[in-house]
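Visitor: One structure coming up, written as structure tokens, with questions to follow.
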Amino acid sequence: MPTINRLYFSGFKHEKIISTDIRTPNSIAIDFSAQKLYWADARLDKIERCDYDGSNREIVIENFNRSTTIDFPAHPFSIAIHGDYIYYTDWVHRAVIMLSKFYGEGTVVIHGNLPDQPMGLTVYADDLVKCGTDECSTEIGKSLKCQDICRMDTKGNAHCGCHPGRILNADNTTCFGDTRRLECSQNEFLCVSSGRCIDYEETCDGVAECPDGEDEQEDYCSARTCRTGYFTCGNGMCISATKRCNKINDCINFADEHNCTCTDLEYRCKNGQCIYKEKRCDFSKDCSDATDEVGCPKRDCSTLKYQNKSMINCLHTTQCILPEWFCDGTSDCWDGFDEEECPGSVLKTPFKLRMNWRNCTTDETACSGTGTCIPKSFVCDGIKDCASASDEQNCSNITNNKVDKCFEDPTSPGCTEKCDLINSFLCKTGICIPKSFRCDGIEDCFDAKLKGEISSDETNCTNSNASPLMPCRPTEFQCETKRTRSSMFDCIPLRNFCDGEPDCFDSSDEPHGCVHRQCGTDEFKCTSGQCIPQNWACNSIPDCRDESDESSIICGVHYRNSCPPHNFECSNGVCIHENLLCDKKNDCGDNSDEKNCNRNECERDHPCEDQCIQKKVGFQCHCTEEGNILNPADNRTCIFQNRCNELPCSQICDVQGRASRYRYRCGCADGYEIEPDMQRVCKHKYNKEEPELLVITRRYLRVYSLLGIPKQILASNLTNGVAVDFDIKSKKVFFSDVSMVGSTLAYIRRDVNDTENTYNELTHLTTTSPEGIFIDYIGRNIYWSDRDSHSISVSDINGIYSRVLLKGKPLTEPRAIVGDPEIGILFWSDWGEGAHIGRMTFGGKEVRIIVDTSLRWPNALAVDIPSKRLFWGDAFLDYIGSSDYNGDNRKMVLRKTVGRIFGFTI
């Protein structure tokens with residue numbers, strides 16, 4: 001719930017001072033002259049004040065009747081105090097406003113009719129803060145001789161007050177009530193002069209926490225002995241003994257990490273790190289310095305294949321690498337051996353295309369019509385492998401899944417769990433969930449069968465138990481309605497508030513009284529009034545919500561031959577049949593079908609590079625050379641048609657020579673095989689393990705089959721799960737849990753039978769909003785994007801050693817992050833101001849933006865490594881697009897069939 005809090009600069013004594021009748025306190029300000037705290041509530045449209053401890057709360061001004069006049073706040077955002085006046089910015093009024101801080105009257109518009117929502121506000125003045133000049137600090141306050149405390153009213157006049165729980169007597173000086181001597185606990189230090197208690201570990205750390213600095217006095221810190229239960233660092237600091245040998249440098253001088261003793265079940269790395277003994281010489285680097293794989297029996301790397309090539313041994317470790325990996329800038333041998341004394345770079349060989357041709361076996365079945373053989377495992381797997389789709393026919397009665405069976409009949413044996421119905425809720429499928437999950441606004445049963453239905457735990461709800469919204473950031477607007485099945489976002493970017501287009505499902509971002517800005521000269525105005533960049537219009541991607549930026553009337557010049565065959569495109573974009581041309585009737589509406597009739601432009605003007613075909617009106621160019629097509633830029637010249645640019649293959653496309661350059665052949669990467677009937681689609685060759693989908697939601701981390709059948713819940717106690725990735729080598733599922741209280745990066749093992757919710761946090765990594773995560777399964781590193789710190793960082797797979805790769809521009813609100821470990825390229829999406837998709841090397845070099853048009857909320861990113869293409873999903877424009885790794889050869893994959901896409905994988 002929204003609150004206003006206070007604490008000391010050291011973090012000591014955190015307490016809530018305002019927690020009732022408050023919704024969206026966007027801004028707070030201090031009146032130093034009167035020692036008052038002011039705040040503006042954007043949802044309740046009012047400005048309030050109180051004393052520093054939350055007492056004496058008063059409403060300065062409130063918009064009771066939702067008035068749209070300038071005399072009342074309609075959506076106050078930022079606030080400042082100077083002299084006798086309050087200054088605040090208002091989103092709905094789009095103005096900076098001044099009024100009296102005493103009575104909330106005398107409204108004056110300082111600056112109005114702003115083109116955008118006014119944001120932060122501050123006052124700069126020489127007399128703004130003069131510590132010690134208030135009446136309580138002067139002789140006036142001292143003359144009152146207050147027993148407890150001196151306070152001031154809103155005008156700065158001093159008077160006596162009392163500590164909480166005590167009452168001011170009639171003499172207006174002394175107080176009545178219990179007085180107790182302040183005592184600090186065993187893990188605290190008493191600041192004698194002020195009576196404050198601070199954390200004992202904060203003493204002698206070089207930062208004064210006591211008002212007079214007595215916790216850092218030399219005579220105390222140089223001679224003291226640490227208390228029982230604390231470890232002596234040797235530099236004056238004392239830390240909790242529980243922090244000894246925790247792999248964190250708590251003492252600053254590493255004294256707490258020296259001479260650590262590993263248990264009998266652990267192996268001691270050269271750097272002092274402890275790992276389980278079974279990790280020693282297991283062909284996987286577990287020590288951060290790789291010493292657990294040094295001095296081990298060598299394995300035969302020549303038997304290992306990567307990209308259909310044999311690997312070789314490293315000199316010191318058990319790692320196997322390709323010869324091409326020497327001197328490529330990455331420590332593939334773990335100890336840096338492959339990057340020592342490098343004479344120069346080594347070029348990598350390209351993929352070899354593979355085509356598989358086989359006769360049917362007992363493990364295969366034949367496609368009807370073509371007789372092509374496919375594995376029996378391909379039958380009824382939801383994917384059409386036969387050209388006739390015969391492998392996906394008559395599959396409706398096939399089900400081996402408990403969840404499907406329980407959907408049809410929850411009373412079937414094995415469906416219903418034994419639920420504690422007092423504390424649990426029974427889903428339709430027989431699964432039990434905590435009763436607190438019932439009607440909390442989040443679907444937990446996942447038992448809705450039809451599109452549009454909701455889960456049984458969220459039906460027949462009054463919303464009385466709905467979960468509170470996740471707090472939004474200062475750069476976001478919080479929608480009024482709590483999240484529902486159709487609403488993924490509680491928070492939207494501030495720039496979308498009052499922009500003429502509702503982004504919240506309840507349209508609370510477009511309140512009555514919004515003043516919509518006019519489109520700039522470099523912008524295109526949609527029919528709805530929405531503004532988009534001018535160069536986004538007529539680029540074949542609808543960016544306006546009403547799609548008016550791609551209408552044939554506006555973009556007719558860009559869409560030659562956009563009418564159906566045997567039709568003529570009028571100058572105004574209307575299509576009419578060729579039989580209506582030159583019939584002395586205005587069929588187009590602009591009479592363009594009656595102009596230039598029977599004019600032989602082919603012979604007179606020679607407009608075409610190749611063949612010219614004369615029409616009743618106008619002409620049509622044609623390319624006669626095999627493999628050539630008309631250049632869409634002018635529809636007159638001819639260009640070579642590289643069929644591979646049309647992406648006919650799911651993975652690898654190879655043009656078949658110069659003589660037949662319009663032909664192509666599809667191939668597959670290692671681990672995949674070509675679909676035998678149509679020869680275009682590659683399918684994964686299932687070995688012992690079938691692929692699975694990992695899906696993270698706000699509260700859950702789940703495992704599904706590729707057909708969407710639930711298989712397992714890995715975690716169900718998350719606060720706000722956002723990102724997930726999998727390390728194929730260690731079998732670890734890495735994920736992020738993002739909240740305003742504290743965010744974490746953690747992992748769960750998939751190769752052990754851990755109980756639900758048993759996961760390990762990467763405690764060495766500091767991050768505030770890790771909204772994207774990517775695992776480099778070759779280099780053994782973790783990459784993540786942090787939205788709040790505007791950065792992308794990297795650490796080793798154990799999360800011990802980390803560094804920031806990119807911070808600040810061009811990053812504003814980085815979101816998804818993916819990479820191609822084979823060539824060491826990292827991609828990210830950013831949906832802040834100036835949304836874009838960028839790329840850089842795994843080492844943070846060669847930073848550049850590759851896509852920055854027709855993007856609003858590029859949430860999802862994925863790479864298709866075999867085809868070397870990048871895919872993204874835009875949650876605002878509702879489409880999935882793709883391009884090559886340079887942002888070129890851009891294609892639209894899906895549009896309007898996806899709604900507010902958040903994440904996907906290839």
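Just so it is clear, glycine is given a Cβ too, placed from its N, Cα and C backbone atoms.
Unlike curated records, TrEMBL annotations are generated automatically.
Since we're looking at a predicted model, the values are computed, not measured.
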Visitor: Pick from C419, C427, C461: the cysteine that TrEMBL pairs with C445 in a disulfide bond.
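Guide: So the cysteine that TrEMBL bonds to C445 would be C427.
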Visitor: Choose one of C210, C221, C245, C251: the cysteine that TrEMBL connects to C233 by a disulfide bond.
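Guide: Of the candidates C210, C221, C245, C251, the one TrEMBL pairs with C233 is C251.
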Visitor: Of the cysteines C555, C575, C582, which is paired with C563 in the disulfide recorded by TrEMBL?
Guide: C575
Visitor: Let me make sure I read this right: TrEMBL says C588 forms a disulphide bond with another cysteine. Which one, out of C570, C608, C612, C621?
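Guide: Here TrEMBL pairs C588 with C570 via a disulfide bond.
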Visitor: Taking C519 as one end of a disulfide recorded in TrEMBL, give the other end from among C504, C531, C538.
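Guide: Record-based pairing for C519: C531.
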Visitor: Per TrEMBL, which of C514, C526, C555 is disulfide-bonded to C544?
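Guide: Answer per TrEMBL: C526.
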Visitor: Write down the Cα-Cα distance for C445 (disulfide bond) and C575 (disulfide bond), rounded and given in Å.
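Guide: One finds 51 Å between the Cα atoms of these residues.
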Visitor: Would you kindly list the residues that approach the repeat 'LDL-receptor class B' (824-867) from elsewhere in its chain, counting only those six or more residues past its ends and only Cβ-Cβ distances under 8 Å?
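Guide: Those are 328-330, 351, 475, 493, 495, 533, 535-536, 539, 541, 543, 647, 649-653, 668-669, 672, 682, 772, 774, 776, 779, 781, 783, 785, 792, 794, 805-806, 810-818, 873-877, 880-881, 883, 885-887, 890, 901-906, in sequence order.
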Visitor: Find the shortest Cα-Cα separation between C269 (disulfide bond) and the disulfide-bonded residues C395, C563, C588, and name the residue that gives it.
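Guide: It is C395, whose Cα lies nearest.
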Visitor: I'm trying to understand the geometry here, so how far is the Cα atom of C531 (disulfide bond) from the Cα atom of C570 (disulfide bond), in Å to the nearest whole number?
Guide: 28
Visitor: To the nearest whole angstrom, state the Cα distance for the pair C380 (disulfide bond) and C327 (disulfide bond).
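Guide: So the Cα of C327 (disulfide bond) lies 47 Å away from that of C380 (disulfide bond).
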Visitor: Count the residues of the repeat 'LDL-receptor class B' (35-78) that DSSP assigns to helix (H, G, I), to strand (E, B) and to coil, and report the three numbers in that order.
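Guide: Summed by class, the stretch gives 0 helix, 20 strand, 24 coil.
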Visitor: Over the span of the repeat 'LDL-receptor class B' (824-867), how high is the average pLDDT in this prediction?
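Guide: Mean pLDDT, the repeat 'LDL-receptor class B' (824-867): 91.
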Visitor: How long is the line from the C-alpha of C519 (disulfide bond) to the C-alpha of C427 (disulfide bond), rounded to the nearest angstrom?
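Guide: Rounded to a whole number, the Cα-Cα distance is 51 Å.
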